[in-house]
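Annotation source TrEMBL lists domain 'Glutamine amidotransferase type-2' at 2-219. Look at TrEMBL and you will find Cys2 tagged as active site, nucleophile. Residues or ranges marked as domain 'SIS' in TrEMBL: 287-427, 460-601. Annotation source TrEMBL lists active site, for Fru-6P isomerization activity at Lys606.
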Amino acid sequence: MCGIVGAIAERNITAILVEGLKRLEYRGYDSAGVAVFTNEGTLERRRRVGKVAELEQALAEQPLVGRLGIAHTRWATHGAPSERNAHPHFSGEQLAVVHNGIIENYEALREQLKGLGYVFTSDTDTEVIVHLLHHKLKTVTDLADALKAAVPELHGAYGLAVISASQPDRLLAARSGSPLVIGLGLGENFLASDQLALRQVTDRFIYLEEGDIAEIRRDSVAIWDEQGHPVQREQVQYHEGAEAADKGEYRHFMLKEIHEQPKVVQRTLEGRLGSDHVLVNAFGPRAAELFAKVRNVQIVACGTSYHAGMVARYWLEGLAGIPCQIEVASEFRYRKVVVQPDTLFVTISQSGETADTLAALRNAKELGYLTSLAICNVGTSSLVRESDLTLLTQAGPEIGVASTKAFTTQLVGLMLLTLSLGQVRGTLQAGVEAGLVDELRRLPTRLGEALAMDKVVEKVAELFAEKNHTLFLGRGAQYPVAMEGSLKLKEISYIHAEAYPAGELKHGPLALVDSDMPVVTVAPNNELVEKLKSNLQEVRARGGELIVFADRDAGIDNGEGTHVVNMPHIDDALAPILYTIPLQLLSYYVAVLKGTDVDQPRNLAKSVTVE
Ligand code: G6P
């Protein structure tokens, strides 16, 4: 989704801004732009539709040289992807703004500002911000004061960066609902919507909080909170290794991230397992006391994280006997919900910045839940900061838009939650926890075995290259795995994919099955496998082609129209984690065959910070 980079320095900052945008490319965008207060004393911009490389080309042809600038990658919401809608937006030749988020009252503001004589040159909601600020500067001279006067009139979500040709010694920022981080240098400072954009120039950061306004100068930073009081925000030193920055030996980030799963699952388990039990305080020092009161669980998430939550419902109810509900955040946040007493509210998110998930958490706080827990991959995210309890997944930065290692580490986190709640509540059957702790220790090795099937799956992918529709089937906890497999395929190969609980096949989707519609299924050797086999027969009888990832003892054999890929044995409870791997590989290789943009699929964004 949209990305922001800003810089104020004594050196030329254009290359820093462009490099920052490149580092944000993975988030998904459709146009890019940069505005610089040039050494000639003018405010100028370059904007291009398409990739940052196009912008770079424009800058090579017509360079911008200056010590103050802002830049943006835009993911269109209001107005089509076009050069005139790309940020930065200007008011006259004096002010430039870049914006992440959505201004909900932009139509009213636009009319008001038109009445004041402002001429709009884009279809965006953002342009109202820059003209509003320009209008405020007629009565308030200081840029920070003008921004403080303008933001109460903006309804919606925003992360903003502002520069002015008449006050070129400062870069202004405002945060409400869309993250911003200040990068601290020596005699130079930076701003971005994600610290990843600034790792090239610094490892020291200040995260702005909701409602903050910041004035960033070359050698100082001033921050005011929502009430306008000056505040000091904590400085954070970032220690993550450089491993996320490049693809290494892999052709795409997605493939690299798929192969990192044994390592990151291992990391997510580290320090969280005792000899035969889960260490409950992995969820925070108050976790045991709070978990003892939990009688229900409500999970809320979006996208892939939602699928992880769906698996967890099978675990929480099946292993720990704790009633669990799960809902997508965009529905939950606008619905009147009935809260059962003593319900733990769980959010799951890779980024911790997904607008709907955050809004759902904020609503939940008003609704009387027992406490909130975030299972999240970003320790500095809004979701983590606003939740009572946290379990950080240790997936490391995930660059591919299609989530892979974030999902499997979320599942590990959710298994730890299931065992912790069951342990504290005394609802687990004897031996279950110790057995699963052993299995969890072996999981990285099992995942490595599944990844070793890479070449086999690559071959299977050829069956899909010419197809337009596919069906994914699963039963029990494998149904959400099928959903995640179908999401992966549609996200990156643009092949229509639907997931169904295998038992529902005959209630509709069977009508679609023919030789042009491959049916993918996952079949661990569990008590549902015989039922699943009957469903597979129903497909074969209609000429459907089957691709089955099956335990070698499940009794499903290769045959005409049935392609079986044998999987390593695994405890059934952990099978959803293992069986996710071949489905990730399958979608990856199908996308490669189709020649799509695997890491940055069309129309999608990595971190969805607007609703
Ligand atoms: C976007 C991403 C997905 C992700 C979803 C939820 O749609 O492309 O990969 O699953 O957002 O994101 P979160 O960061 O909350 O897990």
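Here the Cβ of each residue, glycine as well, is placed from N, Cα and C on the backbone.
The Cβ of Lys606 (active site, for Fru-6P isomerization activity) has 25 other Cβ atoms within 10 Å, all protein chains considered.
The CA atom of the residue listed as 'active site, nucleophile' is located 10 Å away from the CA atom of Lys606 (active site, for Fru-6P isomerization activity).
Here the Cβ of the residue listed as 'active site, nucleophile' has 27 other Cβ atoms within 10 Å, regardless of which shown protein chain they belong to.
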